[in-house]
Amino acid sequence: MAGRLSPIKIRALLIGPAAAVIGIFVVIPLLLMAWISIQGRDYSGGVIWGELSGEAYLRMIFERELDDSLSVNLNYIMIVLRSVWLSLLTTVISLLVGFPTALFMATRTPKWKAILVFMVTLPFWTNLLVRNYAWILLLRDHGAINGTLSWLGIISEPLPLLHTQLAVAIGLTYSFLPFMVLPIYASLEKMDLRLVESAFDLYATRFMTLRRIIIPLAIPGIVAGCILVFVPSLGAYVTPELLGGGKTLMIGNLIGLQFGAARNWPFGAALGILLLALVMISLTFYALKLKKTGGDTK
Amino acid sequence: MRNNTDSIAVSVREVSKIFDDGSGAFVALDNVSLDIGSNEFFTLLGPSGCGKTTLLRLIAGFEQPSQGQILLHGENLEQLPPFKRPVNTVFQNYALFPHMTIAQNIAFGLEMLGRPRQEINSTVDEMLDLVQMKSLADRRITQISGGQQQRVALARALAPKPKVLLLDEPLSALDLQLRKDMQIELKRLQLETGITFIFVTHDQEEALTMSDRIAVMQGGHILQVGPPRDIYEHPQHRFVAGFIGEINLLQATAGKTNPEGLDLQLGEMSGLKTEAKSQVTPGTKLALAIRPERILLAGPDKEQLSGKLINVVYHGTDTLYHFTLPDGQSLRARRQNTDKTGPEWKSGDIISWSAKPDSVAVLED
């Protein structure tokens, strides 16, 4: 052999492929997006490469009048706030539905556990678009829910279900619930059920056992589940597009609109950066929370 | 004391427990009755699957009896969930709460009972003292050794001052030396606190060392209940005799009953006697049990009882001699090494032996 490679070269070679993947698919596109967000835009909608401009960020809060003066426009901020609100709502509903589900699954026999985990992941076998269309069929004015209710004589007019925030929250919850159930299930499944017996033995009622033993031990799963639901909900595109109609735009739709019909790439890119910042803030919150709970909650 | 109803802590009355998983029923306990006195260190002893842990779980309330009743100081425990029973358990794997400190673990039961904070703090201190863990109060469970976890589990279960403490093989995960120390420790705690201990184990030595009384269980039945000495010296069943300590099981034929006891025939060989309990028809086949250390060896053949020495095993404190009797049965005798050299007996020698009538037990099968 013509001499061996130095350890530093070996390390560089080993880390190279991973670094290349991250660089090409994450770092460069992100930098590109950040760059576009501070570029100028001409009247036909093209990006003026090289001309620095803060216009895209100004647009989030202000509107430029014909005389070039700025006036406050909170429409976009409302969309961002609605996105955060709907994502939080989705996270809370998913937690309330997902935790009992996970607890139920974790306390079954091994055979049933396998079947139930399989059933939770079953919806992923169908395309997200198709699953959201299915909700349209259920929620629309003459859909399954309104149809059944009026056939039973409970309502005379169809309830306005489709194209509401509720519809979006239902759709998002339905789409992301497995991301809540699975991490909570994983942490509950690891838990020694004898701890529950031990708590009962020490005079804890069912409720106190849940509060003092089961939930604290499931915290890592709960936090992971909340992040896995909140983050994709915040950037959701398909669900608000189909179930929200025009009235309940979320940040994902707004971004889509800017890159498409509105032909305002800098603004779309700036909104993308904003979304990224929101996600970063929530992840930092998670990290701080984990640190506070002692750090040994693996 | 045991027959006085006031001093009975736990009374198990005709309790059966049948587990049915759909594919078939399993009788874990079959019509078991038992009275355990207050302040008693009571041991349930038996091999795995004998029903001892099931009985403990019924007393704790984790399982409900299929039939029968369990009374705690005269009160029927039926329908009472575990968190309403004044009974605490030390679990086999300790089941300590991993997200709490040692002090928080010990305080848990008292908090659930709604005791005032001040009382909780002083009881926790008292318990930490009792198990000698004071310096580690704020450590997490994951940061202490198995032996220390064992002490915390004890302190946690004792803190609410239960009427009865249930211990489910709590020493089985410890190494030998620690186990011996904890046996003494447990006995001390029981005497100091005056709480009734019900201890489950499959280790006969553990049972003999600590218990006031032992119940030997097998196949969902209680075979014999009594103080350690009774169980060891007067086993009534073949299983009890074999499970507790080493023993020779011999087939004999009953002879005449006379004032010194009942004559026994070992094949053609006579000379062995047992204390006669009742009249036995001569010629009846009997199962005998004799402890190896109760066989007295007397050197070369002079008397009626003899055996051919086939193996000698030196154990330090004593030596074990294996014999074959003239009728083909085998016999082991244990002899204390009272001097450095010991007798010069070799394999093949014919050695005579004897046993006192009260050392020869007649078993019911």
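Placement of Cβ uses the backbone N, Cα and C atoms for every residue, glycine included.
What TrEMBL says about a protein is an automatic prediction, not a curated fact.
Just so it is clear, the model here is predicted, and its values are computed rather than measured.
TrEMBL has this to say about the protein:
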type: DOMAIN; residues: A:80-286; note: domain 'ABC transmembrane type-1'
type: TRANSMEM; residues: A:12-36; note: transmembrane segment
type: TRANSMEM; residues: A:84-105; note: transmembrane segment
type: TRANSMEM; residues: A:112-130; note: transmembrane segment
type: TRANSMEM; residues: A:166-188; note: transmembrane segment
type: TRANSMEM; residues: A:213-238; note: transmembrane segment
type: TRANSMEM; residues: A:267-288; note: transmembrane segment
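In this chain, the transmembrane segment (A:112-130) does not touch the transmembrane segment (A:267-288); fewer than three CB pairs sit within less than 8 A of each other, excluding pairs fewer than 6 residues apart. Taking every recorded stretch in A:12-36, A:84-105, A:112-130, A:166-188 and counting its Cβ pairs under 8 Å to the transmembrane segment (A:213-238), the highest total belongs to A:166-188. Simply put, out of A:12-36, A:112-130, A:166-188, A:166-188 has the most Cβ pairs sitting under 8 Å from the transmembrane segment (A:84-105).
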